[in-house]
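> According to TrEMBL, the protein carries these features:
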- 1-395: domain 'Major facilitator superfamily (MFS) profile' (DOMAIN)
- 46-65: transmembrane segment (TRANSMEM)
- 77-103: transmembrane segment (TRANSMEM)
- 133-151: transmembrane segment (TRANSMEM)
- 163-183: transmembrane segment (TRANSMEM)
- 221-243: transmembrane segment (TRANSMEM)
- 255-277: transmembrane segment (TRANSMEM)
- 283-301: transmembrane segment (TRANSMEM)
- 363-390: transmembrane segment (TRANSMEM)
């Protein structure tokens, strides 16, 4: 079967101005905009633009959101993220024209539910237990991935995208009420900089960028960006790969996402905590990058969905360990009063990958196929791994023990 991607035309496949054409019913799970975009005639390039818009919005919002959490509290930040998610689903539910696919993405500038949850966990845990706590938080999101993907696939197949979006809005509203009911209003331990933070604007870029001057922050941040870029490209392109390369139906894609969730739950709930208790964070960082390189090489040669499923376990292992360990290292490198801003910067890295990922990924996919993404991941991660092995390394107090 010919799997060569269709050539992407430069001309937009849809009208930018509202027309009388109603959106047809799509059959999709929680990421219904992917299949809806395909039904509206979006090709890979324009779907990439749609994803890039999300990346830009969250890239801008991430650092400000983290600063907001440091100034007003992690509960206020998590409440804002849940409220934005409600608006996101409501706009999707009332969408009648193609342009609404772009409009409903605007609330994503505040949709940082995972970073906000990490801010709460970081404030309420001791530094030495932080990596384990962050991994347990990933376990909870794994449960959500399984439930949301499976339930969303069935709902969207049987009742359509409008009903599924309304269901998502109701679920997000319930989450908002739970946050207001159970999360403490103040999560941070009082710190000398707390009163100073409250007197400064959340738009103060100097307060955000100064964190990069703390020892060890800039190198770890650079590694997080460079090593995370190739896997980020694959992640943002996966919806297109599943639809065009693997030819998966919506329900099949939902089951595959549930499989991702199960693997993530096992790794973050039962593996990372044990690893952090036995090995240093720097060793685990090196391990995750090495595994990511091998995953990229395997994905470069995959031909069907079964072969891809084999690579899912090491892929989720490398992603989970890499993200948890880098977040833990970075939050430990700054004062406790600035952990929210640091996590906001970490979230902006993911947003940066989602911003450049669709454009780069779309170009690679169309011109060189799926294998090119895997080869790039192998080369980049192998180079970063060698760099980390060869650079001089100062032992931390944790390693000396």
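Cβ from N, Cα, C; glycine included.
For the listed features, I'd like the structural context: burial, neighbours, distances.
Across all of the domain 'Major facilitator superfamily (MFS) profile' (1-395), the predicted model scores a mean pLDDT of 79.
When Cβ-Cβ distances below 8 Å are used as the criterion, the transmembrane segment (163-183) is approached by residues 28-30, 32, 74-75, 78-79, 82-83, 85-86, 88-90, 92-93, 113, 120, 152, 155-156 of the same chain, each at least six residues removed from its ends.
Sequence-distant contacts of the transmembrane segment (255-277) (same chain, six or more residues past either end, CB-CB distance under 8 Å): 29, 131-132, 135-139, 141-146, 149-150, 153, 242, 248, 284, 305, 309, 312-313, 316-317, 320-321, 324-325.
A Cβ distance under 8 Å defines the sequence-distant neighbours of the transmembrane segment (283-301), meaning residues of its chain 6+ beyond its ends; these are 223, 227, 230-231, 234, 275-276, 307-308, 310-311, 314-315, 317-319, 321-322, 325-326, 329, 370-382, 384-385, 388-389.
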